[in-house]
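Trainee: Among the features that Swiss-Prot reports, N-linked glycosylation site is placed at Asn194, Asn207. Here Swiss-Prot flags 92-112, 125-147, 167-187, 225-245, 256-276, 314-334 as transmembrane segment.
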Amino acid sequence: MSKVPPTDPFSHMLNGNLQQRIVKRDIDGEVPTERAVTDLASEKAHAIATHGEVVIQIQHSDTFGMDKEKNDWRSRAARMLYIESRLVREGLSESLAMFFFMSLLLGCAATARFTGNQNDPMLAAFYHGFSIIFAIYVAGGISGGLLNPAITFTIAFLGRLSWLRCLIYMSAQYFGAFIASAVVYLIYYDSLQNFSGANKVDETGANGTAGIWSTFPRPYLSLRGAIFNQIFCTMLLTIGFLSICDFRNSRPDKGMFPFAVGMLIMTVFLAFSYSAGAAMNPARDISPRLWTLIVGYGDEVFSYNNYKWFWIPWLFPYVGALLGGVIYEIFIGIHWPKDYANKHVTNRT
(Lines of atoms letter the chains of each structure in order from A and count residues from 1; the text may use other names and numbers.)
(Lines give C-alpha, C1' and ligand atoms only; values in the text may rest on other atoms or scores of the structure.)
Protein backbone atom coordinates (compact mmCIF):
# COMPACT_ATOMS: atom_id res chain seq x y z
CA MET A 1 0.00 0.00 0.00
CA SER A 2 1.38 3.37 -0.90
CA LYS A 3 1.78 6.30 1.38
CA VAL A 4 -1.49 8.02 2.20
CA PRO A 5 -1.28 11.52 3.65
CA PRO A 6 -4.04 12.04 6.17
CA THR A 7 -6.51 14.71 5.10
CA ASP A 8 -7.66 15.23 8.66
CA PRO A 9 -5.06 15.49 11.43
CA PHE A 10 -7.66 14.67 14.06
CA SER A 11 -9.43 11.50 12.96
CA HIS A 12 -8.11 10.07 9.70
CA MET A 13 -9.39 6.58 8.95
CA LEU A 14 -8.32 4.25 6.14
CA ASN A 15 -10.42 1.32 4.97
CA GLY A 16 -7.85 -1.34 4.22
CA ASN A 17 -7.48 -4.97 3.32
CA LEU A 18 -7.82 -7.15 6.37
CA GLN A 19 -4.59 -8.95 5.59
CA GLN A 20 -2.14 -6.11 5.75
CA ARG A 21 0.95 -5.10 7.57
CA ILE A 22 0.91 -1.85 9.49
CA VAL A 23 4.27 -0.27 10.05
CA LYS A 24 4.50 1.80 13.20
CA ARG A 25 6.87 4.65 12.58
CA ASP A 26 7.80 7.10 15.26
CA ILE A 27 8.42 10.79 14.83
CA ASP A 28 12.11 10.26 14.11
CA GLY A 29 11.35 8.12 11.09
CA GLU A 30 12.53 4.89 12.73
CA VAL A 31 10.51 1.69 12.44
CA PRO A 32 10.39 0.07 15.89
CA THR A 33 7.75 -2.59 15.21
CA GLU A 34 5.69 -4.26 12.49
CA ARG A 35 2.26 -5.72 13.04
CA ALA A 36 0.26 -8.01 10.76
CA VAL A 37 -3.50 -7.78 11.05
CA THR A 38 -5.59 -10.71 9.87
CA ASP A 39 -9.22 -11.43 10.65
CA LEU A 40 -12.51 -12.65 9.21
CA ALA A 41 -13.68 -11.16 5.92
CA SER A 42 -16.77 -9.82 7.68
CA GLU A 43 -14.67 -7.39 9.66
CA LYS A 44 -13.31 -4.00 8.71
CA ALA A 45 -9.94 -2.59 9.68
CA HIS A 46 -9.73 1.12 10.22
CA ALA A 47 -6.28 2.65 10.41
CA ILE A 48 -6.39 5.73 12.56
CA ALA A 49 -3.49 8.10 12.08
CA THR A 50 -2.26 9.40 15.39
CA HIS A 51 0.99 10.95 16.64
CA GLY A 52 3.59 9.21 14.55
CA GLU A 53 1.85 5.86 14.35
CA VAL A 54 -1.00 3.97 12.79
CA VAL A 55 -3.35 2.22 15.17
CA ILE A 56 -5.65 -0.58 14.02
CA GLN A 57 -9.24 -0.58 15.20
CA ILE A 58 -11.30 -3.65 14.37
CA GLN A 59 -15.03 -3.25 13.87
CA HIS A 60 -17.30 -6.26 13.35
CA SER A 61 -19.82 -5.78 10.59
CA ASP A 62 -22.66 -7.91 11.86
CA THR A 63 -21.70 -10.15 14.77
CA PHE A 64 -20.50 -7.60 17.32
CA GLY A 65 -17.52 -9.70 18.29
CA MET A 66 -19.30 -13.05 18.29
CA ASP A 67 -18.79 -16.00 15.98
CA LYS A 68 -21.46 -16.19 13.28
CA GLU A 69 -21.65 -19.95 13.67
CA LYS A 70 -22.69 -19.67 17.29
CA ASN A 71 -26.40 -19.56 17.91
CA ASP A 72 -26.66 -19.18 21.66
CA TRP A 73 -28.78 -16.44 23.21
CA ARG A 74 -25.82 -14.06 23.46
CA SER A 75 -25.07 -14.30 19.75
CA ARG A 76 -28.70 -13.91 18.80
CA ALA A 77 -29.07 -10.89 21.08
CA ALA A 78 -25.91 -9.32 19.66
CA ARG A 79 -27.10 -9.78 16.08
CA MET A 80 -30.50 -8.38 16.94
CA LEU A 81 -29.18 -5.32 18.78
CA TYR A 82 -26.31 -4.47 16.47
CA ILE A 83 -26.81 -1.15 14.67
CA GLU A 84 -25.56 -0.98 11.10
CA SER A 85 -25.49 2.81 10.87
CA ARG A 86 -22.14 4.12 11.99
CA LEU A 87 -23.66 7.56 12.48
CA VAL A 88 -26.22 6.21 14.94
CA ARG A 89 -23.54 4.26 16.79
CA GLU A 90 -21.48 7.41 17.17
CA GLY A 91 -24.48 9.35 18.46
CA LEU A 92 -25.21 6.66 21.03
CA SER A 93 -21.55 6.68 22.03
CA GLU A 94 -21.54 10.44 22.64
CA SER A 95 -24.80 10.22 24.57
CA LEU A 96 -23.57 7.43 26.86
CA ALA A 97 -20.21 9.09 27.46
CA MET A 98 -21.87 12.42 28.27
CA PHE A 99 -24.23 10.63 30.65
CA PHE A 100 -21.23 8.98 32.28
CA PHE A 101 -19.34 12.27 32.55
CA MET A 102 -22.24 14.24 33.99
CA SER A 103 -23.23 11.50 36.41
CA LEU A 104 -19.75 11.53 37.92
CA LEU A 105 -19.48 15.32 37.87
CA LEU A 106 -22.89 16.03 39.42
CA GLY A 107 -22.50 13.24 41.95
CA CYS A 108 -19.17 14.68 43.07
CA ALA A 109 -20.64 18.19 43.17
CA ALA A 110 -23.50 16.96 45.34
CA THR A 111 -21.14 15.21 47.73
CA ALA A 112 -18.99 18.33 47.97
CA ARG A 113 -22.06 20.43 48.72
CA PHE A 114 -23.42 18.09 51.38
CA THR A 115 -20.05 17.90 53.13
CA GLY A 116 -19.40 21.65 53.01
CA ASN A 117 -16.53 21.42 50.53
CA GLN A 118 -18.22 23.14 47.60
CA ASN A 119 -15.82 26.08 47.79
CA ASP A 120 -12.68 23.97 47.55
CA PRO A 121 -11.24 24.79 44.09
CA MET A 122 -8.78 21.90 44.12
CA LEU A 123 -11.52 19.37 44.81
CA ALA A 124 -13.77 20.80 42.10
CA ALA A 125 -10.95 20.85 39.56
CA PHE A 126 -10.06 17.27 40.47
CA TYR A 127 -13.51 15.81 39.89
CA HIS A 128 -14.08 17.86 36.74
CA GLY A 129 -10.86 16.56 35.24
CA PHE A 130 -11.17 12.92 36.22
CA SER A 131 -14.84 12.73 35.25
CA ILE A 132 -13.96 13.72 31.69
CA ILE A 133 -10.99 11.34 31.60
CA PHE A 134 -13.11 8.27 32.24
CA ALA A 135 -15.90 9.53 29.98
CA ILE A 136 -13.53 9.87 27.03
CA TYR A 137 -12.36 6.32 27.62
CA VAL A 138 -16.00 5.25 27.26
CA ALA A 139 -16.52 6.79 23.81
CA GLY A 140 -13.06 7.51 22.46
CA GLY A 141 -12.91 4.52 20.13
CA ILE A 142 -16.30 5.18 18.53
CA SER A 143 -17.03 8.90 18.32
CA GLY A 144 -13.86 10.36 19.78
CA GLY A 145 -15.55 11.44 23.00
CA LEU A 146 -15.87 15.16 22.22
CA LEU A 147 -18.45 15.64 25.01
CA ASN A 148 -18.72 19.38 24.50
CA PRO A 149 -21.15 21.03 22.05
CA ALA A 150 -18.97 24.13 21.75
CA ILE A 151 -15.88 22.15 20.77
CA THR A 152 -17.96 19.88 18.53
CA PHE A 153 -19.33 22.92 16.69
CA THR A 154 -15.84 24.38 16.34
CA ILE A 155 -14.42 21.18 14.85
CA ALA A 156 -17.26 21.20 12.32
CA PHE A 157 -16.57 24.86 11.60
CA LEU A 158 -12.94 24.00 10.89
CA GLY A 159 -14.09 21.39 8.40
CA ARG A 160 -13.03 18.31 10.35
CA LEU A 161 -16.51 17.06 11.15
CA SER A 162 -19.57 17.03 8.91
CA TRP A 163 -22.44 19.28 9.92
CA LEU A 164 -24.75 16.27 10.12
CA ARG A 165 -22.43 14.55 12.57
CA CYS A 166 -22.07 17.82 14.45
CA LEU A 167 -25.84 18.06 14.89
CA ILE A 168 -26.13 14.45 16.04
CA TYR A 169 -23.18 14.73 18.44
CA MET A 170 -24.47 17.95 19.98
CA SER A 171 -27.99 16.57 20.41
CA ALA A 172 -26.57 13.45 22.03
CA GLN A 173 -24.44 15.54 24.38
CA TYR A 174 -27.34 17.70 25.56
CA PHE A 175 -29.53 14.61 25.95
CA GLY A 176 -26.92 12.65 27.91
CA ALA A 177 -26.37 15.57 30.28
CA PHE A 178 -30.10 15.94 30.86
CA ILE A 179 -30.65 12.26 31.64
CA ALA A 180 -27.65 12.24 33.99
CA SER A 181 -29.13 15.21 35.84
CA ALA A 182 -32.38 13.33 36.31
CA VAL A 183 -30.68 10.16 37.53
CA VAL A 184 -28.39 11.93 40.00
CA TYR A 185 -31.34 13.94 41.29
CA LEU A 186 -33.36 10.78 41.93
CA ILE A 187 -30.42 9.07 43.61
CA TYR A 188 -29.84 12.03 45.90
CA TYR A 189 -33.49 13.03 46.29
CA ASP A 190 -33.73 12.25 50.00
CA SER A 191 -30.40 13.90 50.73
CA LEU A 192 -31.42 17.01 48.78
CA GLN A 193 -34.68 17.31 50.68
CA ASN A 194 -32.98 16.80 54.00
CA PHE A 195 -30.22 19.28 53.20
CA SER A 196 -32.03 22.14 51.53
CA GLY A 197 -35.75 21.83 52.15
CA ALA A 198 -37.44 24.77 50.44
CA ASN A 199 -34.24 26.81 50.19
CA LYS A 200 -32.93 25.35 46.96
CA VAL A 201 -31.86 28.19 44.74
CA ASP A 202 -30.38 30.68 47.19
CA GLU A 203 -26.69 30.23 46.50
CA THR A 204 -25.81 32.78 49.16
CA GLY A 205 -27.62 30.74 51.79
CA ALA A 206 -26.17 27.85 53.72
CA ASN A 207 -28.44 25.20 52.22
CA GLY A 208 -28.92 26.18 48.59
CA THR A 209 -28.33 23.31 46.17
CA ALA A 210 -28.85 24.86 42.73
CA GLY A 211 -25.09 25.18 42.43
CA ILE A 212 -24.81 21.40 42.35
CA TRP A 213 -26.42 21.34 38.94
CA SER A 214 -25.42 24.57 37.21
CA THR A 215 -22.93 27.38 37.56
CA PHE A 216 -23.71 30.69 39.26
CA PRO A 217 -21.49 33.79 39.36
CA ARG A 218 -20.20 35.64 42.38
CA PRO A 219 -22.66 38.38 43.42
CA TYR A 220 -20.19 41.12 42.53
CA LEU A 221 -19.38 39.86 39.03
CA SER A 222 -20.36 42.29 36.28
CA LEU A 223 -22.05 41.23 33.05
CA ARG A 224 -18.94 42.15 31.09
CA GLY A 225 -16.72 40.19 33.46
CA ALA A 226 -18.97 37.12 33.24
CA ILE A 227 -18.99 37.14 29.45
CA PHE A 228 -15.23 37.59 29.18
CA ASN A 229 -14.66 34.82 31.72
CA GLN A 230 -16.67 32.29 29.70
CA ILE A 231 -15.07 33.28 26.40
CA PHE A 232 -11.52 33.18 27.71
CA CYS A 233 -11.85 29.87 29.57
CA THR A 234 -13.35 28.08 26.59
CA MET A 235 -10.83 29.65 24.24
CA LEU A 236 -7.96 28.23 26.30
CA LEU A 237 -9.70 24.87 26.53
CA THR A 238 -10.15 24.70 22.75
CA ILE A 239 -6.58 25.71 21.94
CA GLY A 240 -5.32 23.03 24.32
CA PHE A 241 -7.76 20.43 23.00
CA LEU A 242 -6.84 21.02 19.36
CA SER A 243 -3.14 20.85 20.16
CA ILE A 244 -3.62 17.54 21.95
CA CYS A 245 -5.69 16.14 19.06
CA ASP A 246 -3.36 17.29 16.29
CA PHE A 247 -1.15 14.31 15.37
CA ARG A 248 1.32 16.72 13.76
CA ASN A 249 1.89 18.33 17.13
CA SER A 250 3.19 16.70 20.32
CA ARG A 251 0.16 14.47 20.59
CA PRO A 252 0.16 11.94 23.45
CA ASP A 253 -0.19 8.24 22.81
CA LYS A 254 -3.72 7.04 22.17
CA GLY A 255 -4.19 5.63 25.66
CA MET A 256 -2.98 8.84 27.28
CA PHE A 257 -5.19 11.16 25.24
CA PRO A 258 -8.11 11.19 27.75
CA PHE A 259 -5.69 11.83 30.60
CA ALA A 260 -4.17 14.80 28.77
CA VAL A 261 -7.61 16.31 28.12
CA GLY A 262 -8.59 15.79 31.75
CA MET A 263 -5.46 17.51 32.99
CA LEU A 264 -6.17 20.39 30.62
CA ILE A 265 -9.70 20.83 31.97
CA MET A 266 -8.46 20.51 35.52
CA THR A 267 -5.87 23.25 34.98
CA VAL A 268 -8.20 25.69 33.21
CA PHE A 269 -10.89 25.14 35.82
CA LEU A 270 -8.48 25.69 38.68
CA ALA A 271 -7.17 28.86 37.06
CA PHE A 272 -10.44 30.58 36.17
CA SER A 273 -13.41 29.03 38.00
CA TYR A 274 -13.47 31.36 41.00
CA SER A 275 -15.61 34.14 39.54
CA ALA A 276 -18.21 32.24 37.54
CA GLY A 277 -17.63 28.49 37.76
CA ALA A 278 -15.90 28.10 34.37
CA ALA A 279 -18.63 26.05 32.70
CA MET A 280 -16.76 25.84 29.35
CA ASN A 281 -19.44 23.39 28.20
CA PRO A 282 -22.96 24.49 27.21
CA ALA A 283 -24.48 21.05 27.83
CA ARG A 284 -22.87 20.82 31.26
CA ASP A 285 -24.75 23.96 32.35
CA ILE A 286 -28.04 24.29 30.46
CA SER A 287 -29.21 20.66 30.61
CA PRO A 288 -29.05 20.40 34.42
CA ARG A 289 -30.50 23.91 34.69
CA LEU A 290 -33.50 22.82 32.63
CA TRP A 291 -33.91 19.73 34.81
CA THR A 292 -33.94 21.79 38.01
CA LEU A 293 -36.64 24.00 36.51
CA ILE A 294 -38.75 20.93 35.77
CA VAL A 295 -38.41 19.40 39.25
CA GLY A 296 -39.40 22.49 41.18
CA TYR A 297 -36.41 24.71 41.76
CA GLY A 298 -38.49 27.48 40.26
CA ASP A 299 -37.80 29.92 37.48
CA GLU A 300 -35.04 31.45 39.60
CA VAL A 301 -32.59 29.07 37.98
CA PHE A 302 -33.16 31.08 34.79
CA SER A 303 -34.14 34.47 36.23
CA TYR A 304 -31.12 34.64 38.55
CA ASN A 305 -29.51 38.09 38.41
CA ASN A 306 -32.52 39.46 36.52
CA TYR A 307 -32.04 37.03 33.61
CA LYS A 308 -28.50 38.27 33.11
CA TRP A 309 -26.76 34.98 33.74
CA PHE A 310 -28.27 31.71 32.48
CA TRP A 311 -27.57 32.43 28.79
CA ILE A 312 -23.94 33.41 29.41
CA PRO A 313 -22.52 29.93 30.24
CA TRP A 314 -24.65 28.50 27.44
CA LEU A 315 -23.90 30.96 24.60
CA PHE A 316 -20.40 32.28 25.15
CA PRO A 317 -18.56 28.95 25.32
CA TYR A 318 -19.44 28.70 21.62
CA VAL A 319 -17.84 32.10 21.05
CA GLY A 320 -14.75 31.13 23.04
CA ALA A 321 -14.40 27.77 21.29
CA LEU A 322 -14.66 29.34 17.83
CA LEU A 323 -12.13 31.97 18.82
CA GLY A 324 -9.77 29.31 20.18
CA GLY A 325 -10.12 27.21 17.04
CA VAL A 326 -9.35 30.13 14.75
CA ILE A 327 -6.39 31.19 16.88
CA TYR A 328 -4.93 27.67 16.84
CA GLU A 329 -5.25 27.44 13.08
CA ILE A 330 -3.73 30.88 12.48
CA PHE A 331 -0.78 30.40 14.83
CA ILE A 332 -0.17 26.64 14.50
CA GLY A 333 -2.45 24.61 12.26
CA ILE A 334 -1.86 26.19 8.87
CA HIS A 335 1.92 26.37 9.22
CA TRP A 336 2.83 22.68 9.13
CA PRO A 337 4.85 21.65 6.04
CA LYS A 338 2.56 20.14 3.43
CA ASP A 339 4.63 16.95 3.21
CA TYR A 340 4.86 16.55 6.99
CA ALA A 341 2.30 13.74 7.09
CA ASN A 342 4.05 11.78 4.34
CA LYS A 343 7.28 11.75 6.32
CA HIS A 344 5.80 10.33 9.47
CA VAL A 345 2.73 8.21 8.64
CA THR A 346 3.20 5.26 6.31
CA ASN A 347 1.10 2.22 5.35
CA ARG A 348 2.58 -0.77 3.54
CA THR A 349 1.21 -4.04 2.34
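The backbone N, Cα and C atoms fix where each Cβ goes, glycine too.
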Trainee: Counting all other Cβ atoms within 10 Å across every protein chain shown, which of the glycosylation sites Asn194, Asn207 scores highest?
Mentor: Asn207
Trainee: Looking only at residues six or more beyond either end of the transmembrane segment (256-276), which have a C-beta under 8 A from one in the stretch?
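Mentor: Distant Cβ neighbours of the transmembrane segment (256-276) are 121-122, 124-126, 128-130, 132-137, 140, 145, 215-218, 221, 225-226, 229-230, 232-233, 236-237, 240-241, 244-245, 312-313.
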Trainee: Measuring Cα to Cα, how far is Asn207 (N-linked glycosylation site) from Asn194 (N-linked glycosylation site) in Å?
Mentor: 10
Trainee: By Cβ distance under 8 Å, which residues at least 6 away from the ends of the transmembrane segment (167-187) in the same chain are close to it?
Mentor: 87, 90-103, 106-107, 110, 143, 146-149, 152-153, 161, 213, 282-284, 286-288, 290-292, 295
Trainee: Counting Cβ pairs closer than 8 Å, which of 92-112, 125-147, 314-334 has the most of them with the transmembrane segment (225-245)?
Mentor: 314-334
Trainee: Give the nonlocal contacts of the transmembrane segment (314-334) in its own chain as ranges (CB under 8 Å, at least six residues past its ends).
Mentor: 9, 148-151, 153-155, 157-158, 227, 230-239, 242-243, 246, 249, 279-282, 285-286
Trainee: Once the DSSP letters are reduced so that anything not helix or strand counts as coil, what is Asn207 (N-linked glycosylation site)?
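Mentor: It is coil.
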